[in-house]
Amino acid sequence: RSGRARALSNLEVLGPDELAVAVGNGGGGSEEEEGAGPCLEITELSRMFLGGPGRTAYQAALVGLMYVGLLAYAQVFSQTLAAQLMHGVPKFLLAVIFSVIVVPLSCAELREQINVQVAMSLLRFAAIFIIVFGAMYGIYKDPIDNGSTTIAPPYIAEVKYVDPSGFGLMFSTVLFSQLFQHSVPGLIHPLARTHKVKAPQVFGAALMTTASIYLVLGTTCSMYFGSMTETAINTNFSEFSWGLLPSANIDEFHRLSLTLCTQLVVLFPGLDTLSVFPLIANTLGSNLHSASPSFKKVMRQRFGLKISTRQTILFWKLASSVPPIILSLVLTDLSMTFKFAGIFGIYVAFITPALLFWKSTEACKQNQVTPKTIYSLAFFSNLCFVVLVLVVSSVFLVIVVYQIVQAYCS
């Protein structure tokens with residue numbers, strides 16, 4: 001920690017050598033050396049290039065985004081259990097069940113479990129495949145589950161192909177689903193320099209893959225379910241019949257297989273939150289602890305409480321995990337939650353990276369340091385593109401805020 005602190009202290013001078021490290025031209029060591037040089041997180045870069053207010057704004061947006069994300073996971077869990085297992089159960093009881101499971105996990109020291117994450121990833125792909133296949137099957141074989149009045153297939157619901165009123169929700173949901181920019185420094189830092197060169201292509205391919213999956217899933221489900229599409233698409237499968245009437249002549253093996261498929265789709269998002277929520281809450285608690293170095297001193301001077309570092313960390317982890325669960329009792333609209341996530345996400349994903357690129361490029365030119373790095377790309381790494389990102393993101397921010405206000409006023 002002392003070495004890292006000294007490195008940051010030197011970097012704040014923003015001399016030529018330090019700038020080279022900050023923008024990625026230095027500190028890389030040999031081609032095979034991993035994690036050479038200090039790992040500068042976005043928060044630290046914001047302080048260096050955007051000053052104290054820039055760092056505070058980024059931290060506030062990131063904390064807000066994580067809180068909203070935790071709220072969304074709490075809502076998904078409650079909706080999943082209410083739709084499938086606990087019809088008519090009070091929301092308070094569902095929140096208590098969720099709290100009993102995730103709050104202790106959020107306060108524990110979590111370690112990465114590769115096998116568990118791989119298994120959950122496989123289940124995610126299986127659930128997505130079943131949803132897409134179910135919607136496509138319904139279009140051609142199932143007029144029951146979407147209430148279609150069409151006599152012959154395809155049973156496509158009446159839905160607007162373009163609906164401007166849904167832009168805010170669409171953009172916020174996409175942003176929430178694809179947001180990873182704040183994790184990039186930590187993901188890249190352990191890599192050898194030869195592997196870091198491939199980072200833009202790797203992240204681009206990852207975004208294209210997930211975006212393609214979301215597009216296919218969203219398009220097929222909206223075409224089939226139409227206005228019946230729930231805010232959490234998995235709940236549409238709680239009573240999915242696969243076009244079969246209760247009296248249909250089908251063997252038990254196929255009936256059981258279809259039941260297992262629908263149960264996986266309905267229950268998996270809720271179960272998935274049990275593993276994801278503690279990870280996010282744990283990270284948020286650690287970040288809040290790091291951002292409040294004088295907390296123990298304040299508690300001792302103002303309230304006469306002597307608390308240990310362990311108790312301080314526990315406090316912040318409780319402060320991260322409990323409020324979103326309480327809010328989920330009042331705020332139950334998942335689509336509105338995604339819109340709020342969009343507000344914070346725009347600043348984290350678009351505005352901050354663009355401003356950092358702009359300010360770091362100016363600082364490099366003033367100190368006669370080349371701003372070009374191993375990550376630079378001909379099209380994206382220029383100020384014209386940065387200005388475009390800032391303008392477009394500002395317009396999107398206005399649209400999202402307007403639609404949130406409109407929704408609350410209507």
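Positions of Cβ are set from backbone N, Cα and C atoms, glycine also.
Note that this is a predicted model, so its numbers are computed, not measured.
TrEMBL annotations:
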type	residues	note
TRANSMEM	57-77	transmembrane segment
TRANSMEM	89-110	transmembrane segment
TRANSMEM	122-140	transmembrane segment
TRANSMEM	202-225	transmembrane segment
TRANSMEM	313-332	transmembrane segment
TRANSMEM	338-358	transmembrane segment
TRANSMEM	379-405	transmembrane segment
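Between the transmembrane segment (57-77) and the stretches 89-110, 202-225, 313-332, 338-358, Cβ pairs under 8 Å are most numerous for 338-358.
Where the transmembrane segment (202-225) meets the stretches 122-140, 338-358, 379-405, the count of C-beta pairs under 8 angstroms peaks at 122-140. With a cut-off of 8 Å between Cβ atoms, the residues of this chain six or more beyond the transmembrane segment (122-140) that come close are 146, 153-156, 213, 216-217, 220-221, 223-225, 233-234, 237, 240, 242-243, 261-262, 264-265, 268-269, 272.
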